[in-house]
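Visitor: Let me begin by handing over the structure; questions about it come next.
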Amino acid sequence: MNIFDELKERGLVFQTTDEDALRKALEEGFVSYYTGYDPTADSLHLGHLVAILTSRRLQLAGHKPYALVGGATGLIGDPSFKDVERSLQTKETVVSWGNKIRGQLSNFLEFETGDNKAVLVNNYDWFSNISFIDFLRDVGKYFTVNYMMSKESVKKRIETGISYTEFAYQIMQGYDFYELNKNYNVTLQIGGSDQWGNMTAGTELIRRKSNGVSHVMTVPLITDSTGKKFGKSEGNAVWLDADKTSPYEMYQFWLNVMDADAVRFLKIFTFLSLKEIEDIRIQFEEAPHQRLAQKTLAREVVTLVHGEKAYKEAVNITEQLFAGNIKGLSVKELKQGLRGVPNYHVQTEDNLNIIDLLVTSGVVNSKRQAREDVSNGAIYINGDRIQDLEYTISENDKLENEITVIRRGKKKYFVLNFK
């Protein structure tokens, strides 16, 4: 199966400018292609992973990737299907975020070896050297206002208002494609389906300015089986940066994917062969309660993003927390597994008697409730049940002299911080 048809089989091709021509180009030749990443945050997230992994698949098939960091466009802000205008960031912030994105991309694309090793470019390099007058004369004249207004991403913002800054974004992205086509013979741009209007601005500019042929391929914006935008956990983005979303949190995210989505996501987010995925599908449908598809997803993606060691740590944290074995984990692992649970910083004047501390730290609302919970065996300190109403937190309860973990009932965790 050629690479284009495999991408289609995996559900990774949403729209193309000319499917037959693109398939032929990928089958018969060596294609240089690019994907752009604007530094709109200090990390990429799961939403970016579809395009990143598609880029990697093409590289493995022998084609050459260019990764464009939008040092210039990141200063402007893409209006595509955004309800309101993005807040403008400082140059220093955009540079810092761009550097972090570079580091993350190197985890997925091969930048060091091979004839088709990836190349990193920054559009600030060419936009910083072109004057506004030259840009209007040499680029702007190829775009009619009617053409620009026809883009769906612009139409959706006309009613609420769109600044000229954001309106001009599509020309900037189009010029990126032109520059890469002219200087590196890049003939294919890959991006999310919400980028279609900006991306085809590039093919139009290449056609009109240099009479060249170029292609666009969009990957789908992933939604779950309920239609909800994929890539968020509890309303928050799932980041590729371990400091923003821990490997454990990412592991849990994939483990909790709905049955209806699991096999589809294996095709999109893993490098398992289609035959391997089909075998998993058969086993999964025979015994969905064993969650083979979700466990495989979690293993493959966490290992891909964070490495095998981080994956094994995430599994261990999951197993130990499920068993209530708090002492079997390091403080570092506990902080991963219990990120997001209520934390209380113990003050020097706090009474460390269990009844008082349960109220002070917010575990319960009253001393009466605290006494009832302790008496009924509902309170655990570092995994050990406490039923002594006079129990006082001691140095022995401070894990690595830093935290104490309280559990109320089966699942409600609280962390006491002593630092």
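Going from the start of the chain as shown, residues are counted 1 onward.
The backbone N, Cα and C atoms fix where each Cβ goes, and this holds for glycine too.
Sharing the record's features from Swiss-Prot:
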BINDING   Y34, Y169, Q173  L-tyrosine binding site
MOTIF     39-48  motif ''HIGH' region'
MOTIF     229-233  motif ''KMSKS' region'
BINDING   K232  ATP binding site
DOMAIN    352-419  domain 'S4 RNA-binding'
Visitor: May I ask for the residues of the chain that lie six or more residues beyond the motif ''HIGH' region' (39-48) and have a Cβ under 8 Å from a Cβ within it?
Guide: 69-71, 74, 77-78, 86, 89, 94-98, 100-101, 104-105, 192, 221-222, 230-231, 237-241, 244
Visitor: Between any two of Y34, Y169, Q173, the residues recorded as binding L-tyrosine, what is the biggest Cα to Cα distance in Å?
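Guide: Taking every pair of listed residues, the largest Cα separation comes to 18 Å.
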Visitor: Using a 10 Å cut-off, grab the number of neighbouring Cβ atoms around the Cβ of Y34 (L-tyrosine binding site), all chains included.
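Guide: For Y34 (L-tyrosine binding site), the 10 Å Cβ neighbour count is 25.
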Visitor: Could you say which of the binding-site residues Y169, Q173 has its Cβ with the most other Cβ atoms inside 10 Å?
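Guide: Of Y169, Q173, the one with the most crowded Cβ is Q173.
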Visitor: Count the residues of the motif ''HIGH' region' (39-48) that DSSP assigns to helix (H, G, I), to strand (E, B) and to coil, and report the three numbers in that order.
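Guide: Output for the motif ''HIGH' region' (39-48) reads 3 helix, 1 strand, 6 coil.
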Visitor: Going by DSSP assignments with H, G and I as helix and E and B as strand, what are the residue counts for the domain 'S4 RNA-binding' (352-419)?
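Guide: Secondary-structure composition of the domain 'S4 RNA-binding' (352-419): 19 helix, 20 strand, 29 coil.
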Visitor: On the 0 to 100 pLDDT scale, where does the domain 'S4 RNA-binding' (352-419) sit on average?
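Guide: For the domain 'S4 RNA-binding' (352-419), the model's average pLDDT rounds to 94.
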